[in-house]
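Novice: Please read through the structure below; I'll follow up with questions.
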Amino acid sequence: MSIKSDKWIRRMAEEHKMIEPFVPDQVRASEDGRRIVSYGTSSYGYDIRCADEFKIFTNINSTIVDPKNFDEGSFVDFKGDVCIIPPNSFALARTVEYFRIPRTVLTVCLGKSTYARCGIIVNVTPFEPEWEGYVTLEFSNTTPLPAKIYANEGVAQVLFFESDEVCDVSYADRGGKYQGQRGVTLPKT
């Protein structure tokens, strides 16, 4: 299994719509020249952006967090350019980009150091072979202070690994529960 380069990422995005919308280069400034958290194609990965729709976790109901029976009422929906995550809490969001992962590919997604150095951890599980959809992102604020997440800017980097052989059963073959997800998606069992 080998990591794929910027050339491969560009080719797969342009010829097979692996990433939509696709940015072929690294963007480091907004159209008005303001510095932003970078996004787009890098040497051996693709820096994804966070869309402007968020679910911010609050514990107003003193709920027990149960991944098998998650209380949707524990979230406040928010739409905007900047999301404030409460201290020691988390928020969910989705990517701007829609992904279509080839059958021979598995991805690993890592948070950007800009956020990590501020105590904001980005968690995303691997994109499995033949999975497609918008990626649900989880942001943990590990600090005792409120923390900002910026919509439409880079939040994490996706690394693409291609196997030497095709898997017997892909995510699509087994009817994965998050296949084709469109918005911020809560836990499913």
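Backbone N, Cα and C define each Cβ position, glycine as well.
Bear in mind that the values here come from a model prediction, so they are computed numbers and not experimental data.
What Swiss-Prot records for this protein is below:
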| type | residues | note |
| --- | --- | --- |
| ACT_SITE | E138 | active site, proton donor/acceptor |
| BINDING | K112, S113, T114, Y115, A116, R117, T136, L137, E138, Q157, Y171, Q181 | dCTP binding site |
Novice: Please report the Cα separation of T114 (dCTP binding site) and the residue listed as 'active site, proton donor/acceptor' in Å, rounded to an integer.
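Specialist: Here the two Cα atoms are 16 Å apart.
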Novice: By a simple count, how many Cβ atoms lie within 10 Å of the Cβ of Y171 (dCTP binding site), its own Cβ left out?
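Specialist: Around the Cβ of Y171 (dCTP binding site), 21 other Cβ atoms lie within 10 Å.
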Novice: Rank the binding-site residues T114, T136 by the number of other Cβ atoms within 10 Å of each Cβ and report the first-ranked residue.
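Specialist: Highest number of other Cβ atoms within 10 Å: T136.
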Novice: Taking just the CA atoms, what is the gap between K112 (dCTP binding site) and E138 (active site, proton donor/acceptor) in Å?
Specialist: 13
Novice: Sorted by position, what residues of the same chain at least six away from A116 (dCTP binding site) have a C-beta under 8 A from it?
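Specialist: Listed in sequence order: V122.
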Novice: Around K112 (dCTP binding site), how many other C-beta atoms are within 10 angstroms of its C-beta?
Specialist: 19
Novice: I need the CA-to-CA distance for the residue listed as 'active site, proton donor/acceptor' versus Y171 (dCTP binding site), whole Å please.
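Specialist: Between the Cα atoms of the residue listed as 'active site, proton donor/acceptor' and Y171 (dCTP binding site), the distance comes to 21 Å.
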Novice: Where does T114 (dCTP binding site) sit by DSSP, helix, strand or coil?
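Specialist: The three-state answer is helix.
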Novice: Consider each pair of residues in K112, S113, T114, Y115, A116, R117, T136, L137, E138, Q157, Y171, Q181, all listed by the record as binding dCTP, and report the largest Cα separation in Å as a whole number.
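Specialist: It comes out at 33 Å between the most distant Cα atoms.
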Novice: Note down the number of other Cβ atoms within 10 Å of the Cβ of the residue listed as 'active site, proton donor/acceptor', including every protein chain shown.
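Specialist: For the residue listed as 'active site, proton donor/acceptor', the count of other Cβ atoms within 10 Å is 17.
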